[in-house]
Amino acid sequence: MELFTYMEKYDYEQLVFCQDKQSGLKAIIAIHDTTLGPALGGTRMWTYASEEAAIEDALRLAKGMTYKNAAAGLNLGGGKTVIIGDPRKDKSEELFRAFGRYIQGLNGRYITAEDVGTTVADMDLIHEETDFVTGISPAFGSSGNPSPVTAYGVYRGMKAAAKEAFGSDSLEGKVVAIQGVGNVAYTLCKYLHEEGAQLIVTDINKEAVNRAVEDFGAKAVEPDEIYGVDCDIYAPCALGATVNDVTIPQLKAKVIAGSANNQLKEARHGDVIHELGIVYAPDYVINAGGVINVADELYGYNQERAMKKVELIYDTIEKVINIAKRDRIPTYQAADRLAEERIEKMRNSRSQFLQNGQHILSRRNK
Ligand SMILES: NC(=O)c1ccc[n+]([C@@H]2O[C@H](COP(=O)([O-])OP(=O)(O)OC[C@H]3O[C@@H](n4cnc5c(N)ncnc54)[C@H](O)[C@@H]3O)[C@@H](O)[C@H]2O)c1
Ligand SMILES: CC(C)C[C@H](N)C(=O)O
């Protein structure tokens with residue numbers, strides 16, 4: 001990959017390579033856009049097939065955070081880190097503290113949090129070296145694990161999408177097919193069960209499936225059966241790219257609404273489901289609950305205030321659907337339009353983030 005050509009094409013600001021021999025740290029911090037404020041995005045720890053694959057992932061995820069944060073109405077830009085390593089074997093205090101020092105070196109241009117492969121305990125170690133980390137333990141007055149809050153946002157967004165598809169936002173009696181019942185989807189199942197939805201679940205982890213069956217009376221199916229089940233709503237909550245040429249012809253759902261990042265394998269799959277009349281709740285809009293929650297730490301964390309903001313994902317999904325109808329475009333394009341318009345409108349107020357030398361983060365700890 002010609003890095004500068006790529007960065008110029010998609011307008012990335014900065015790419016930081018971090019190497020620490022003693023701890024084994026190899027990390028890439030990608031900062032896509034700080035027009036709206038400092039770049040906030042999680043740290044993913046993963047065993048990548050190659051260094052190029054890790055760089056590509058960091059770049060792609062960072063740009064996704066620019067759009068997620070903008071569409072969520074946050075005054076934050078987009079960035080992301082990937083740490084190359086196996087989260088089951090390669091974690092250590094030295095590694096996360098070394099990483100924390102690199103973040104500190106960016107002096108607030110980038111703020112991190114959890115992502116796939118990292119936990120609250122890891123964020124606490126990073127916090128030993130820097131204040132530019134969120135999703136740390138409630139013991140520090142912070143917000144902790146973002147997953148349950150992400151689930152609440154997905155639940156709210158699913159209701160808004162259901163309203164468009166079925167004429168009512170009630171999920172009572174609706175059949176929801178959930179792919180992956182991990183951290184986010186377990187709590188999502190709880191909300192759906194409480195509202196009287198019927199659940200069909202799958203996971204490659206049998207324990208996770210059994211828990212959903214026992215706790216919420218869910219019906220279990222094999223992983224490759226989930227796409228073709230009779231259901232009203234398909235909720236991808238495991239991997240990306242599950243809306244593709246192979247799965248779309250199997251889908252019976254009228255709504256796609258789940259937590260996974262990058263659900264459409266390619267943009268054109270968003271066009272195909274639009275043509276089929278499926279209401280798609282764009283992934284980065286519906287799964288913004290976690291980032292909205294951790295971002296509230298920057299103002300001194302208040303759970304009630306954060307949950308109120310997350311509740312508004314319902315309204316944002318409605319707004320996206322209305323833009324899609326108004327402009328006769330698929331919802332994934334409408335979401336991009338919403339995010340890009342906000343960034344453009346705010347571009348001129350950029351200097352205000354450093355007005356009188358005051359950074360947005362100076363509000364923290366007050
Ligand atoms: N945790 C958050 O706050 C958050 C925020 C935004 C987006 N997301 C996205 O939501 C998704 C779920 O996140 P999570 O934190 O719940 O992760 P998780 O790892 O706890 O859960 C994912 C589950 O999917 C299962 N899975 C993996 N491959 C599968 C397959 N082929 N078929 C069926 N199940 C499979 C795993 O066994 C696991 O139980 C991820 O894509 C993540 O990027 C999470
Ligand atoms: C900042 C994090 C809580 C963000 C989360 N990992 C996401 O993809 O939205």
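Note that the numbers count up from 1, one per residue, in the order the chain is shown.
Quick reminder: no glycine exception, Cβ is built from N, Cα and C everywhere.
Taken straight from TrEMBL:
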- Lys80: active site, proton donor/acceptor (ACT_SITE)
- Gly180, Val181, Gly182, Asn183, Val184, Ala185: NAD(+) binding site (BINDING)
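In sequence order, Ser147, Ile178, Tyr186, Leu188, Asp203, Ala208, Cys237, Ala238, Ser259 are the same-chain residues whose CB sits within 8 A of the CB centroid of Gly180, Val181, Gly182, Asn183, Val184, Ala185, the residues recorded for NAD(+) being left out.
Val181 (NAD(+) binding site) sits 24 Å from Lys80 (active site, proton donor/acceptor), taking the CA atoms of both as reference points.
Under the three-state DSSP scheme, Ala185 (NAD(+) binding site) falls in the helix class. Cβ neighbours within 10 Å of Gly180 (NAD(+) binding site), excluding its own Cβ and spanning all shown chains: 26. Sequence-distant contacts (6 or more apart, same chain, Cβ under 8 Å) of Asn183 (NAD(+) binding site) comprise Asn145, Ser147, Pro148. Rounded to a whole number, the C-alpha distance linking Ala185 (NAD(+) binding site) with the residue listed as 'active site, proton donor/acceptor' is 23 angstrom. In sequence order, Ile29, Ala30, Gly41, Gly42, Thr43, Arg44, Ala58, Leu61, Ala62, Gly64, Met65, Asp115 constitute the residues six or more apart from Lys80 (active site, proton donor/acceptor) in its chain with CB-CB distances below 8 Å. Look at Lys80 (active site, proton donor/acceptor): DSSP puts it in a strand.
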